Protein chains: 2
Amino acid sequence: MHTLDVALGARSYPIYIGQGLLGQDLLRRHVRASQALIVTNETIAPLYLDKAKASLGDLAQVDTLVLPDGEQYKTLATLEKIFDALLANRHSRTTTLIALGGGVVGDMVGFAAASYQRGVDFLQVPTTLLAQVDSSVGGKTAVNHPRGKNMIGAFHQPRAVLIDTTVLDTLPPRELSAGLAEVIKYGLIRDADFYRWLEVNMAGLMQREPALLAEAILRSCRNKAEVVAEDETEQGNRALLNLGHTFGHAIETATGYRDWLHGEAVGAGTMMAAQLSADLGWISQADVARIGALTRAAGLPVAPPPGMTAEQFRSLMALDKKVMDGRLRLVLLKAIGEAVVTDQFDMQVLTRLLEKMCQH
Amino acid sequence: MHTLDVALGARSYPIYIGQGLLGQDLLRRHVRASQALIVTNETIAPLYLDKAKASLGDLAQVDTLVLPDGEQYKTLATLEKIFDALLANRHSRTTTLIALGGGVVGDMVGFAAASYQRGVDFLQVPTTLLAQVDSSVGGKTAVNHPRGKNMIGAFHQPRAVLIDTTVLDTLPPRELSAGLAEVIKYGLIRDADFYRWLEVNMAGLMQREPALLAEAILRSCRNKAEVVAEDETEQGNRALLNLGHTFGHAIETATGYRDWLHGEAVGAGTMMAAQLSADLGWISQADVARIGALTRAAGLPVAPPPGMTAEQFRSLMALDKKVMDGRLRLVLLKAIGEAVVTDQFDMQVLTRLLEKMCQH
C-alpha cells in the first residue's frame, strides 16, 4: 500500500492506494463517532456495498443509500435524497458520510457533507479510474445546474481517500478511457516525464496491467495532491487542472450530461485546447499530433460531438467559472508538460478554431 | 454612524449601524467587480428595493430577484430560484449577492453565495430587528428541511453588514417583538448589565424610540461579534447563542414554519430553558419570573403553542444540531447573564417540564 498526504494544515488527509484495501479496516479508522451513511449508486451497490459495510465492523449505526447512476442525476433533487436519508435516520453533526462510487457520487456526497448541519465528515472511496486519479482528491464538491456543470458546490476536504485498485477489474472500457483523460492531463500540464511514461505504457494501461495502473494512479494523485496543497481554493495554479474542461463542460452541458462521459468530454476538450495553443503559435503542430495519438490510444474522442455548433460553445463557455469580470480565461499549453491559465489570447483565433472543429 | 468590526482575520468585516445608511454609497464600496444581484422579498421590494439599487450607482450590471415572503419558503426549491437568476444573467465568480430583507432572505442568500460557483461575495442589508441584531452577523447561512430547521447550510461570512435603523419604521409590531427575543438573549447569556438596561428600557423600545433602538442594536451586535470572533464555526461557546433555540426550532418545525415567527418561538423556548434551569436548581424561581416579565413586556409568548405535545418536543429535539453522539445538549442558565452548553442534566426533569408546559 502507498500512502500520500494532501498537506493542508489542520485539514490534511491521507490517500491510501493499493489492492484489496476495501477489505481492511482503513475506513473504520477515519469514522470519528458512532454513525455513518454509505452513499453509492445502482451499479456499484451489488458489487461493493456489502464489502464497504462489513469494513466498518462494530460501528453502532451504518445506514446505506443507493442513488441512480449517471451524471444527469448530479442535481439538487438527488442531493435532497441524501439529506432525507440523513434526517430520517437522525444523523447528528458527528456523523460520517462515505462516498462509494465514481465522480458523480463523490461530488454529490461531498457537497452533502459540506452542507448537512453546515458541515460533517466524509470519506472518499472512488470506484472509477477518473475518481481515483482526480475527483476524489482535493475537496471540490458540487452538483450541476441545467445551465452549467458544477455550478453549485463547496470546497470541503474529505478525511481520507481510499483507492482500492482491485475495483478497476469491474470497470467498463469506456470508463477506463474516461479516467485516462485525466491521467494524460497531469502529464500535459506539469509532468513531462510522466507524459513520456504514458506514451510508452498506454497499451499496457488499456490492457489493465495492475502494476501500470497502480503507477499511473500514484503519479496522478501525487501531482494532484501537490497542486491542491499549493492552492486549495483555486486562487491561482489549481485552475491548471481544468485543462480541456472549459471546452469539455460545454460539451457535457450541450448534450444534457447524458451521451458523453465527463472524461470523454475532457479528452475532446483537451484536443481543442491543444489545437488552440498551436493556432496561437505556443506549441507546434507536431505536439498536437503527439497529443492526438496518445488521446486516441486511450480510446478517447479527439473532436466535439457531431452536430454541436460553434455558437453553442461560445454561449456555454461564457458561463464558465473561470470567466472573470467578462473575460474568458482558458488553460492552454506552452509545451507538453507546461500549461498556463490566461485570458491573453486572440478571441478571433478561438472563433476560427470553433468553426473549424464543429464542421465535421 | 457606528462601525463594529467582526474580527476574523482575512474574513473580517465591518458592521455599519446608523440612520439612513441605505441612501449612502456604503454598499457600492464593498462590491468588488461589475456585477451584483439584489435578492429581496415581496414585502420589502416595494419599500426599499429602488433605494438599494440606486445606492449601487455606476455598477455595470445590477440584477434583482424578488422572492415570496415567509419562513416556509426558506427551502432548497427557493434557493434554486437564486441560482437560476444568477445563471440566467451570467453572473461570474466575482459577482456580489446582496441580501435585502429579514433573516429568511439573509440565510438563503448567504447559502446561495456560499454555494454558487463554490463561493462568491455577499453583503447583508437586514430589514428586520431580528436580522439586524442576530442573523445577519456571523456567517451562519442555511435553508430548512421539512424534518428540521437550518439543517442544510454553510458558514460563509458576508463582506459587510449594513444596518439602516430607519427601516424599522415600517416593521410590523410582531416582527419588532420577535427581534427583541434575540436582544434579550444577549443579556441572558453573557451581559447582565445589558439585561438590566433592557428591563429599564423595554417600554421605550416597544415605542420604537430611535435612540433606544440604536443602543439595543449596537450592544447586541457587539456581543454577537465578540462571540463569533472567538468561535466562528461553533466548536464551543458560539452555541450559547442558541439559548431557547432547541425548544424554539421544535416549535417552528411542529407548526410548519407558518404560525409563529422565529423570534416568537425563541421567546417561548427561552422561557422553557429558563424554567428547566430553575427545575434543575441552577437559577431561582424569582429569576424565572423576571425573565417572564421581560419576555411579556416585549410582547412575546411565554409558553409553547396550544396543542403541541411533549412527545413532539422529544422527537423533534432529538434531531437538533447540538445532539452529539446521541446526547441532547441544551443551552441553560447558571444566572441571568451566564449560560452554559451542557448534556449534564437529568432527562427526567426535562420530561416533567415538557409534560407540564404542554398541558395548557
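Glycine too: its Cβ is placed from the backbone N, Cα and C atoms.
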### Task
Going by TrEMBL, B:H245, B:H262 bind Zn(2+); tell me which of B:E182, B:E199, B:E311 is listed for that site too.
B:E182
### Task
Provide the number of Cβ atoms within 10 Å of the Cβ of B:G103 (NAD(+) binding site), excluding the reference atom itself.
25
### Query
Tell me which residues of the chain lie with their Cβ under 8 angstroms from that of B:E71 (NAD(+) binding site), as long as they are six or more apart in sequence?
B:V104, B:N144, B:E252, B:Y257, B:R258, B:L261, B:H262
### Query
For the Zn(2+) site given as B:E182, B:H245, B:H262, which other residues of the same chain have their Cβ within 8 Å of the site's Cβ centre?
B:L130, B:D134, B:S135, B:A181, B:K185, B:G244, B:G248, B:G263, B:A265, B:V266, B:G269
### Query
When the number of other CB atoms within 10 A of each residue's CB is tallied over all shown chains, which of the binding-site residues B:D69, B:D107 has the maximum?
B:D107
### Query
At the level of the C-alpha atoms, what whole-angstrom distance separates B:T128 (NAD(+) binding site) and B:E182 (Zn(2+) binding site)?
12
### Query
What's the CA to CA span in angstrom from B:E182 (Zn(2+) binding site) over to B:G103 (NAD(+) binding site)?
12
## Note on the structure
The predicted model's mean pLDDT over the domain '3-dehydroquinate synthase N-terminal' (B:65-177) is 96
### Task
Look at the binding-site residues B:Y73, B:E182, B:H245, B:H262 and tell me which residue has the greatest number of other C-beta atoms within 10 angstroms of its C-beta.
B:H262
